[in-house]
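Marked as [4Fe-4S] cluster 1 binding site by Swiss-Prot on the basis of sequence analysis: CYS12, CYS49, CYS83. Annotation source Swiss-Prot lists [4Fe-4S] cluster 2 binding site at CYS157, CYS161, CYS164, citing sequence analysis. Residues or ranges marked as domain 'MTTase N-terminal' in Swiss-Prot (evidence: sequence analysis): 3-120. Among the features that Swiss-Prot reports, domain 'Radical SAM core' is placed at 143-375, with the record citing sequence analysis. Annotation source Swiss-Prot lists domain 'TRAM' at 378-441, citing sequence analysis.
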Amino acid sequence: MTKKLHIKTWGCQMNEYDSSKMADLLDSTHGYQLTDNPEEADVLLLNTCSIREKAQEKVFHQLGRWHMLKEARPELIIGVGGCVASQEGAHIRERANYVDIIFGPQTLHRLPEMINHVNGTRSPVVDISFPEIEKFDRLPEPRAEGPTAFVSIMEGCNKYCSFCVVPYTRGEEVSRPCDDILFEIAQLADQGVREVNLLGQNVNAYRGASYDGGICTFAELLRLVAAIDGIDRIRYITSHPIEFTDDIIDVYRDTPELVSFVHLPVQSGSDRILTMMKRAHTALEYKSIIRRLRKARPDIQISSDFIIGFPGETQQDFEQTMQLIADVNFDMSFSFIYSARPGTPAADMVDNVSEEEKKQRLHILQERITQQAMQYSRRMKGKVQRILVEGTSRKNVMELSGRTENNRVVNFEGAPSMIGKFVDVEIVDVYPNSLRGVLLRTEDQMTLRSHESTASVIARTRKENELGVGMYQP
């Protein structure tokens with residue numbers, strides 16, 4: 001009888017990536033098949049996020065529901081992973097002693113051994129250590145699930161912003177070796193992936209070892225990924241302003257595979273608040289980066305993160321944030337009301353901004369960003385956009401849906417054979433959350449570079465070093 005696995009995921013794209021790797025890993029080692037129904041699962045995994053307010057209580061609320069399943073089936077295995085597990089591992093066991101496995105973001109690769117231990121001894125396992133980059137060496141080969149894919153290039157963060165728990169839950173920055181990343185992306189390209197999203201808490205801090213003993217920078221990695229046959233679009237999240245260096249900006253000048261859209265969190269437009277947040281840059285320095293980016297790629301569009309109501313934020317501080325939003329003309333944003341994260345320096349600050357004031361400021365900010373986004377969308381009407389067709393439309397199963405470079409959803413009429421390929425459409429209608437297009441040309445009518453498999457490229461360019469070791473040298 002097939003064993004079933006249910007994974008519930010909260011939080012960032014990195015958590016989504018980790019959950020997909022858990023599923024692939026347990027399928028390869030134990031034959032577990034994913035199910036959306038927790039009642040039929042043999043293993044329940046909760047991949048948690050500690051960014052939002054009351055994250056811990058949300059975890060215990062979910063575990064309470066699963067506890068009833070455990071009482072009915074004592075052999076059911078319940079595991080809690082992610083950032084809340086990393087931060088609150090011991091506390092989770094104290095409050096929910098029926099949880100069998102507690103693991104952190106850096107130890108998910110040990111899940112097979114943990115499950116074997118629980119099955120063999122019926123005793124719990126807690127492993128929330130930070131074993132560097134070991135987990136990537138233990139994960140199964142990547143499996144494409146459509147024309148886009150996410151690839152983790154690094155873990156952790158060294159910035160220690162005063163409001164953020166990431167350094168405490170995911171550890172400090174550790175970069176994957178360059179060749180490992182390129183090989184994973186090449187494998188995905190061979191499976192039909194056309195767009196790759198590079199993931200990390202601070203991707204532009206990437207410093208990965210290369211095969212020759214050197215260090216590969218993020219700018220160099222972007223160019224190497226762009227050279228992989230079959231990869232026609234590159235995105236990345238998330239980056240930090242203080243490491244958005246000129247060599248990264250230069251990639252936007254000469255690498256068309258890198259999309260004209262960048263997410264660059266700023267959090268506030270007030271230098272006083274930025275200092276309290278320990279962001280290590282000013283609003284003017286942030287605007288300087290954007291100015292250089294737009295000089296390198298005039299059509300680039302910018303999204304950002306904003307924290308509203310940080311302790312001590314005055315009306316003047318908020319107005320400076322609104323001025324920055326107008327000056328940069330952000331296209332999109334992820335904006336949230338500040339909530340203290342236990343263990344962070346900001347949690348000890350006096351939170352003297354009323355909830356009503358926070359909500360009002362958030363509403364004003366989001367309204368402004370929405371207006372600016374609609375202005376960008378309206379400018380696209382009548383223009384030709386190249387989109388990567390991802391599948392059928394959510395609005396109408398008889399239509400197709402894809403995304404533009406600037407991350408807008410476009411619905412249009414087309415044939416199923418277009419899924420996974422690029423098409424050019426004319427934008428004819430603009431809606432708040434999507435665009436409507438009319439098909440103009442398909443991929444075989446474009447002048448895209450021809451695709452050659454990775455195996456073929458390696459065979460054609462293979463060389464041996466002085467030790468007789470085969471190497472791929474582009």
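Just so you know, glycine gets a Cβ as well, placed from its N, Cα and C.
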Seminar exercise, completed: Grouping DSSP H, G, I as helix and E, B as strand, the residues of the domain 'MTTase N-terminal' (3-120) number 66 helix, 22 strand, 30 coil
Exercise. Applying the rule Cβ within 8 Å of the centroid of the Cβ atoms of CYS157, CYS161, CYS164, what extra residues of the same chain belong around the [4Fe-4S] cluster 2 site?
Worked result: LYS159, TYR160, PHE163, VAL165, VAL166, PRO167, GLN201
For this session: Among all chains shown, work out which of the binding-site residues CYS12, CYS49, CYS83, CYS157 has the most CB atoms within 10 A of its CB.
Result: CYS83
Problem set entry | Residues in the domain 'TRAM' (378-441) grouped by DSSP into helix, strand and remaining coil | 6 helix, 33 strand, 25 coil
Exercise. If you average pLDDT over the domain 'TRAM' (378-441), what do you get?
Worked result: 96
For this session: Under 8 Å Cβ to Cβ from CYS164 ([4Fe-4S] cluster 2 binding site), same chain, six or more residues apart: give me those in sequence order, or none if nothing qualifies.
Result: CYS157, ARG341, THR344
For this session: Enumerate same-chain residues with a sequence separation of six or more from CYS161 ([4Fe-4S] cluster 2 binding site) and a Cβ-Cβ distance below 8 A; give 'none' if the list is empty.
Result: GLN267, MET277, LYS278, ARG279
Seminar exercise, completed: Those same-chain residues, other than CYS12, CYS49, CYS83, found with Cβ within 8 Å of the centroid of the [4Fe-4S] cluster 1-site Cβ atoms are TRP10, GLY11, MET14, ASN15, THR48, SER50, ILE51, GLY82, THR169
For this session: For CYS164 ([4Fe-4S] cluster 2 binding site), name the DSSP secondary structure in the helix/strand/coil scheme.
Result: coil
